[in-house]
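Colleague: Just passing along the structure, written as structure tokens.
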Amino acid sequence: MTNTTDGDLLLKNITAQAPFPICFADLEKAVAEKIPAGPFGYIRSGAGGEQTLRNNRSAFEKYSIVPRFLNDVSNVHTSINLFGKTYPTPLLFAPVGMNGMVHEEGELAAVRAAQQLNMPYIQSTVSTYALEDVAEAAPSATKWFQLYWSTNEEIAFSMAARAESAGFEAIVLTVDTVMLGWREEDVRNQFSPLKLGYAKGNYINDPVFMASLPNDSFESYVQGVLQNVFHPTLNWEHVRELKRRTNLPILLKGILHPEDAKLAIVNGVDGIIVSNHGGRQLDGVIGSLDALPSIVSAVKGQIPIILDSGVYRGMDALKALALGADAVAIGRPFIYGLALEGQQGVERVMTNIYDELKVSIALAGTTSIEGLRTITLVKNDGMEVK
């Protein structure tokens, strides 16, 4: 519960001694000026002509709120429950790979921020630091492991088992990376963090992966990762087999079609992340927020729905929650914070997003996530959504 009458959620940013970018555009500008073009372009860009990247933003911008007033909104409640645990906010850290290319402490700094904020942290398969190192860095944080299926399936099962042994509490299987998206910005910059070794953490510490290499050279490792990180054969039988191999809840990340959401339930999946990979895989894809309502309708509350892709501020999170998401995952913004100020930068970015969310909930005329389900949203064409 947060008291919203003290008015300090915005003012604390005005009176702070060290100015920090307050919005996504300011963050992006500051990071562009700080880190090399290769890493910046990798993080900023989308696939192809970046239509999906634009679709994500336009999806949020097409929805407007019709607020209600003369309600007591002095105490805003933002807690949620996921898989039997209660969290003070509906915000999560989305899986973002290769954090070491923007900050030397990479995922270690990010997970410490998540621990401090009590927000679930989803670690990427292609992380700079191994999952065991991340677990040790933030022992009390809620940690989930994002899994890229491997061409050698035993590598995928090995990583899932390691995550379970290290205390991770869920497996997030990404389904939209059957091959690498058409990343034109990386070609322009001649930059591939995979080839530079920024994804080494989980692979070089995996016994099954290392045993599959012809030798222990850097070149052998890079080729091994490139051969295994994409999975064109991934199908529902693999999902069922993963379910048999782990005791952890399994979420599918990358679901955009309601029929796939229904199949996820049929196949025993425990949660869904509505996502288009931040616009980085297939160009021309529906914005994640535009995909959300039909998936909410298909799922009917049977399993949790989390949304990511294009969530840059608290108002974006509010709209996703109002349209039925149970939680919202943040990606690019926290990575920009990491690039600027390490752990402290991550905390500041996520806190600003959360503070804007709290203020916006109150200004919309309600006091809780549940209350957001009752507010009126309209599209820019004037059509009432709910």
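A Cβ is built for glycine as well, from the same backbone N, Cα and C atoms used for every other residue.
Source: prediction; values computed, not measured.
Annotation comment: Swiss-Prot describes His277 as active site, proton acceptor. Look at Swiss-Prot and you will find Tyr42, Tyr148, Arg183, His277, Arg280 tagged as pyruvate binding site, backed by similarity to another entry. Residues or ranges marked as FMN binding site in Swiss-Prot (evidence: similarity to another entry): Pro95, Val96, Gly97, Ser124, Gln146, Thr174, Lys253, Ser275, Asp308, Ser309, Gly310, Val311, Tyr312, Arg332. Per Swiss-Prot, the feature domain 'FMN hydroxy acid dehydrogenase' maps to 16-382; the stated evidence is sequence analysis.
Locate each feature and note its surroundings.
Modeller: In sequence order, Thr174, Asp176, Thr177, Gly181, Gly254, Ser309 constitute the residues six or more apart from His277 (active site, proton acceptor) in its chain with CB-CB distances below 8 Å.
Within 10 Å of the C-beta of Tyr42 (pyruvate binding site) there are 23 other C-beta atoms, taking all protein chains into account.
In the three-state DSSP scheme, Asp308 (FMN binding site) is classed as coil.
Mean model confidence for the domain 'FMN hydroxy acid dehydrogenase' (16-382) is a pLDDT of 96.
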Colleague: Which chain-mates of Arg280 (pyruvate binding site) that are at least 6 residues away have a CB under 8 A from its CB, listed by sequence?
Modeller: Ser45, Gly46, Ala47, Gly181, Arg183
Colleague: Could you tell me the C-alpha distance between Tyr42 (pyruvate binding site) and Gly97 (FMN binding site) in angstrom, no decimals?
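Modeller: Pair distance, Cα basis, whole Å: 11 Å.
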Colleague: Note down the number of other Cβ atoms within 10 Å of the Cβ of Gly97 (FMN binding site), including every protein chain shown.
Modeller: 24
Colleague: Using only the Cα atoms of Tyr42, Tyr148, Arg183, His277, Arg280, which the record gives as binding pyruvate, return the largest interatomic distance in Å, rounded to a whole number.
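Modeller: That value is 19 Å for the farthest Cα pair.
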Colleague: Who sits close to Pro95 (FMN binding site): which same-chain residues at least 6 apart have their Cβ under 8 Å from its Cβ?
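Modeller: Result: Ile122, Gln123, Ser124, Thr125, Gln146, Val172, Thr174, Lys253, Gly331.
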Colleague: For each of Tyr148, Tyr312, count the other CB atoms within 10 A of its CB; which of these binding-site residues has the top count?
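Modeller: Result of the Cβ crowding comparison: Tyr148.
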Colleague: Determine, from DSSP, whether Tyr42 (pyruvate binding site) sits in helix, strand or coil.
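Modeller: Helix, per DSSP.
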